[in-house]
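Taken verbatim from TrEMBL:
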type: DOMAIN; residues: 28-112; note: domain 'RRM'
type: DOMAIN; residues: 141-217; note: domain 'RRM'
type: DOMAIN; residues: 295-369; note: domain 'RRM'
type: DOMAIN; residues: 414-489; note: domain 'RRM'
Amino acid sequence: CSNSFPWTQSSSSSTKLDGTDRLCAPSRVLHLRQLPADVSEQEVVSLAAPFGRVAKLIVLKAKNQAFVEMASEDAAAAMMNYYTTATPSIRNQPVFIQYSTHRELKTDNSTNQRAQTALHSGNMASSGEGRGLALAQRPVLRIIIENLFYPVTLEVLQQIFSKFGSVLKIITFTRNNQFQALLQFSDAVHAQHAKAALDGQNIYNGCCSLRIDFSKLSSLNVKYNNDKSRDFTRADLPTGELEPPAAFGVALPPYSAAAFPPTFHQHTGEPRPLPDSLVSPPRVALHMAPPAGNSVLLVSNLNPESVSPHCLFILFGVYGDVQRVKILFNKQENALIQMSDGTQAQLAMSHLNGQRLHGNVIRVTLSKHPVVQLPRGGVGPEEQALTRDFSGSALHRFKKPGSKNFNNIFPPSATLHLSNIPSSVSEEALKELFSSSGFTVKAFKFFQKDRKMALLQLSSVEEAIEALVELHDRQLDHNQHLRVSFSKSTI
């Protein structure tokens, strides 16, 4: 048992917790130990809120401890009973909980004031002791995947969230150009833990960020078991009519076992062992291996008078690291572009198919070629010039794992994001750079906090594409080159 109190705490309070600690006489006051050094009051309350109203709270950050007084002994007992079998954690750090010998907390005004905001926020989710399910006590989570650089499948979500409890149902969909999911746990407390641990995490390194809230739904109604929805409690549901999942409003490639190895054994239905990256400590590591797929694109209806391998490298390089470009010698309105992987190829195709380049509406599809071949000996200089190897280029935007560029991938727009601007370059100089190249500048704005970046709006999306191709990597002074990408913002 915990005999210590916040301002009279002795070294005995740090004694290792064993089974006898959990058998102490029940109390409304619980003692939490081994908290993160910078733990917040709200994080502590989040552990207790699913079980009832939190009456008082004292957080001892210097000692990595806290005291929580529940509104009733039953609520405290429910919390202790649950955490006896499921060790709680805050930011993947296990937290130990035991009853305190104190029957209530006596807080001074300053301590009480600091905790009031957290208590109010946590208790807003509670509709009273044992009466119904409040929003933060529902078992259904709403999940939004931001920075969707790689496709996220239903199996991947099940694999990640099942670490926190039994996942019963998942429904995936696209809304407002965002890939979203509804996921139902068997228990509201599992949902609470999953949200606390996973909100803000990345599934893949530097991208596919999870934004998690509680859904207003208390249960999901799943009609079909397919790549968009799944009821794990009912194997008898039909598959229904299934279209390929969509992201950014554009179809992603159909599910394939090669690209996404199944989570469950195809014969027994038993879960497959998770890869080490998902099961090794801390409790969950989300940086999974990106999916594979065809990495070569066929681009058609190009303007043969204007197109060049470098031009295509710059444009398609907005959505991935272009390895090779080959303009077909006998059909120079067509080109093959090899990206670093299949998902980058898919991303480039979804954003650039149907866009206008050099006056022509280009078509982008997946090629049957696995790689772009370099010219063999005996080929003339004209044909050789139509094929370029960019694998060692310094202009690759995504070669660094976790690069912030993963977070800034947007469809072509009339507004361009400019970065790496030297302090010596003025607004007028940048506007003149674009206007002297034949582009119509409609608006310009430096970032308030960082004048190395700016937004520049042109008259059309087509003009912005042309400007990006021509002016990305333009030298502005002796050692700085302009970086240009598409922006989601307007001026």
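If you go along the chain as it appears here, the first residue is 1 and each next one adds 1.
Even glycines carry a Cβ here, placed using N, Cα and C.
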Which whole number is the mean pLDDT over the domain 'RRM' (28-112)? 84
Go ahead and report the DSSP secondary structure tallies for the domain 'RRM' (28-112): helix first, then strand, then coil. 31 helix, 27 strand, 27 coil
DSSP tally for the domain 'RRM' (414-489), helix/strand/coil in that order, comes to 21 helix, 22 strand, 33 coil
